[in-house]
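Peer 1: Quick one: the structure is below, and I'll ask about it shortly.
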């Protein structure tokens, strides 16, 4: 279990940074540069305080031959809605890179209408885009692009909200929605163009995401299933006595405590990430936590074995327990999708651990049925008089 925890902790995706930003391009040298916290993007800029003019270049990369890359400035808040953006993509007719201005109003986020190019209402002086490799370069997955923009900022306002992203497709001249992983939704930075200092945004949440994912994968996705396996297959081993119950309760309670911590971190992550919401993952998480809490409370109201309500309690306990385990599995995999780790080593490690549990379950289930069938056959032969109840030697001979 410790190995699995360390493996998940090491394998979960961290925010990717470029090794070094650069102030040099083929046509211009800038004063400052900065790595952006997602998508291995960076920027370089020169700010002229005497006339509040900002010259900025964005370094990004495509994720599809028919995709788009863009950046923009939100004049009011660090979010996508309201951003004035410059978006580059291959012209659907000529294949050459085009750069068009867009305003991301609320209808874009709700996908009520296609995103159409229109003039920006900020003082944009010039803009251009260039592929790495010049005119001979082609757009492909991973192809780099530089998007230049020169604009005039408001007097005495040097702090800007930068937003950037990239998508898979362009329909005509309308870029489609970008991927919605946590890194893509966190592509926002606030910084001061005069000093170069940046305000902390989602970069500080990386470790919280890793801890949240690791705790929940181990608790809801590993420990609770182990507790269920303990109760199902060890309770019939008479040599263990009540030890199976204490093992079952201990594992389940420990898993629930870890899951509660992971759940609380998830709630906090939601509070620290305005505008970022994973509806399905959130609803599943709340459902799993509530089911886990009900299971824990059920321990306090466990009727005596001779109580007439014991059978109803057992039915409730089994239904809620197995529901919690199944939804826990589903939400762990949903979490990998949210973190953009659907093809990561973290998911591979978890799948290996889960496969091991499934293999153990199959082996124990087969053994249970073999024992059950053997006892049924033995009881039938005893009822028909082929085996005397006190004749151990005959019984032993038949088993052999």
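Every residue, even glycine, has its Cβ placed from backbone N, Cα and C.
So TrEMBL lists the following for this protein:
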type	residues	note
SIGNAL	1-18	signal peptide
DOMAIN	39-167	domain 'DOMON'
DOMAIN	174-373	domain 'Cytochrome b561'
TRANSMEM	210-231	transmembrane segment
BINDING	212, 248, 281, 317	heme b binding site
TRANSMEM	243-265	transmembrane segment
TRANSMEM	285-304	transmembrane segment
TRANSMEM	316-336	transmembrane segment
TRANSMEM	348-373	transmembrane segment
Peer 1: Looking only at the domain 'DOMON' (39-167), how are its residues distributed among DSSP helix, strand and coil?
Peer 2: 7 helix, 64 strand, 58 coil
Peer 1: So which residues does the transmembrane segment (285-304) touch in its own chain, when a touch means Cβ under 8 Å and the partner is 6 or more beyond its ends?
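Peer 2: Residues packing against the transmembrane segment (285-304) from afar: 216, 220, 224, 249, 252-253, 256, 259-260, 263, 266, 310, 313, 316-317, 320-321, 323-324, 327-328, 331.
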Peer 1: By a Cβ-Cβ criterion of under 8 Å, what residues six or more beyond either terminus of the transmembrane segment (316-336) are in contact with it?
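Peer 2: Sequence-remote neighbours of the transmembrane segment (316-336) are 213, 216-217, 220-221, 224-225, 228, 278, 280-281, 284-285, 287-288, 291-292, 294-295, 298, 342, 344, 346-347, 350, 354.
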Peer 1: Just report the maximum Cα pair distance in Å for the recorded heme b binders 212, 248, 281, 317, no decimals.
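Peer 2: Spelled out: the longest distance between any two Cα atoms in 212, 248, 281, 317 is 28 Å.
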Peer 1: Excluding near sequence neighbours, so keeping only residues 6 or more apart in the same chain, what lies with its CB under 8 A of residue 281 (heme b binding site)?
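Peer 2: Set apart from residue 281 (heme b binding site) by at least 6 residues yet with Cβ under 8 Å, we have 331, 334, 335, 338.
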Peer 1: In the structure shown, which of the binding-site residues 212, 248, 317 has the fewest Cβ neighbours within 10 Å?
Peer 2: 317
